[in-house]
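K.L.:
When I checked Swiss-Prot for this same protein, it listed these features:
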| type | residues | note |
| --- | --- | --- |
| BINDING | Ala75, Thr76, Asn156, Gln184, Ser204, Ala205, His206, Thr244 | pyridoxal 5'-phosphate binding site |
| MOD_RES | Lys207 | N6-(pyridoxal phosphate)lysine |
| ACT_SITE | Cys329 | active site, cysteine persulfide intermediate |
| BINDING | Cys329 | [2Fe-2S] cluster binding site |
Amino acid sequence: MTVRTPIYLDYSATTPIDPRVAEKMIPYLTEHFGNPASRSHAFGWTAEKAVENAREEVARLVNADPREIVWTSGATESNNLAIKGAANFYSPSKGKHIVTVQTEHKAVIDTVRELERLGYEATYLIPEPNGLIDLDKFKAALRPDTVLASVMLVNNEIGVIQDIEAIGNICREQGVIFHVDAAQATGKVHIDLQKLPVDLMSFSAHKTYGPKGIGALYVRRKPRVRIEAQMHGGGHERGMRSGTLATHQIVGMGEAFRIAREEMDSENVRIRQLRDRLLKGLQEIEEVYVNGDLEHRVAHNLNISFNFVEGESLIMAVKDIAVSSGSACTSASLEPSYVLRALGRSDELAHSSIRFSIGRFTTEEEIDYTIQLMKSKIGKLRELSPLWEMHLEGVDLNAVAWATH
């Protein structure tokens, strides 16, 4: 069987829309085009009903009350609304200190940096070498004036799953608002917001086979969590996020989350088998290092460093497969991955990392093709590397004193 190339193995960057999602969206672009805020006629009522049905589907996936779901333009906006909104609301009574992690997505890191510019203080925790955070270190980072903590559920680069329940319990004890970026988690891990001690949680549709440009923020009702709006005008979404709702996008997100809820368990079994097959094949190559914990990890992610190969040249060499080095949002810069550096990986290994992320439409044939392609291209690139030659000769490269020019 011939494999169609290029092969898409970058599902953590974005996913194709599931055909069932696209089909459900189209009528809301053409026939049911009303504004959900139009209360005086049937076009508006139809749109509003569709929006509320989708809200219920999003809530069902994470076991929340539909009234706790606020529509946004995506997880980046949700992160901004949650962190800035909660910090601004609670800082007068609590203080201006924020705790987060060095391996968070830039949408969290840069939001916290912006608050620092406005007079807040922030602590950026360093994770353990496996990517997980030490709970004692987290607890020690909290202060009497800590207003908010933000820890992602699933890391976008290395796929590790943090112990959100334990972290949330520590926050509850200390009266700290707890925000979780769950953009990479929906449809991959079970989320139960009735049980999890989480106050705010960000979601994205396009990481879960839904459309781009739509996301949501969970805002807890009991105990009630308050946030200050960041977008003003019209008072939509119970005053938390103004702007005409994009009915077709919202319908798409609802359908994507419905499918995720119904098919997640069986899908994860299949995807984990493919991931393990890929890992087994790539481990036959010498000097490969898996980044991040393999146990506490989502099924679809594999992040591997190939020593003595430069990441960018490797990506150019394997043009038949769509993979990434680092996060899609920051891989335009040639800096080594800040996530891998936070784990203590050397610049060389951080630079030689490739993130493979498998998804709903990946086949076994595509995985086998990828393994063969990687083996052949890495072999060729290493033949060109004087460092690889020295390694084969048994030279300890860490002990070499390199001359500067």
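Residue positions begin at 1 at the first shown residue.
Here the Cβ of each residue, glycine as well, is placed from N, Cα and C on the backbone.
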K.L.:
Find, for the listed binding-site residues Thr76, Asn156, Ser204, the residue with the lowest Cβ contact count at a 10 Å cut-off, counting only other Cβ atoms.
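P.N.:
Thr76, out of the binding-site residues Thr76, Asn156, Ser204, has the fewest neighbouring Cβ atoms within 10 Å.
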K.L.:
In the structure shown, with every protein chain counted, which of the binding-site residues Gln184, Thr244 has the densest set of Cβ atoms within 10 angstroms of its Cβ?
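P.N.:
Counting Cβ neighbours within 10 Å, the top one is Gln184.
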K.L.:
So, three-state DSSP: helix, strand or coil for Thr76 (pyridoxal 5'-phosphate binding site)?
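P.N.:
Thr76 (pyridoxal 5'-phosphate binding site) sits in a helix per DSSP.
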K.L.:
Measure the Cβ-based neighbour count of Ala75 (pyridoxal 5'-phosphate binding site), defined as the other Cβ atoms within 10 Å of its Cβ.
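P.N.:
Excluding its own Cβ, Ala75 (pyridoxal 5'-phosphate binding site) sees 29 Cβ atoms within 10 Å.
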K.L.:
Here are some recorded positions: His206, Lys207. Which one has the most Cβ atoms within 10 Å of its Cβ?
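P.N.:
Compared across His206, Lys207, the most Cβ atoms within 10 Å surround Lys207.
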K.L.:
Do me a favour and check the Cα-Cα span between Lys207 (N6-(pyridoxal phosphate)lysine) and Ala75 (pyridoxal 5'-phosphate binding site); whole Å is fine.
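P.N.:
Checking the Cα atoms of Lys207 (N6-(pyridoxal phosphate)lysine) and Ala75 (pyridoxal 5'-phosphate binding site) gives a distance of 10 Å.
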K.L.:
Determine the Cβ neighbour count for Ala205 (pyridoxal 5'-phosphate binding site): the number of other Cβ atoms within 10 Å of its Cβ.
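P.N.:
I get 30 for this one.
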K.L.:
Would you measure the largest Cα separation among Ala75, Thr76, Asn156, Gln184, Ser204, Ala205, His206, Thr244 for the pyridoxal 5'-phosphate site and round it to whole Å?
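P.N.:
For the residues that bind pyridoxal 5'-phosphate, the greatest Cα distance is 30 Å.
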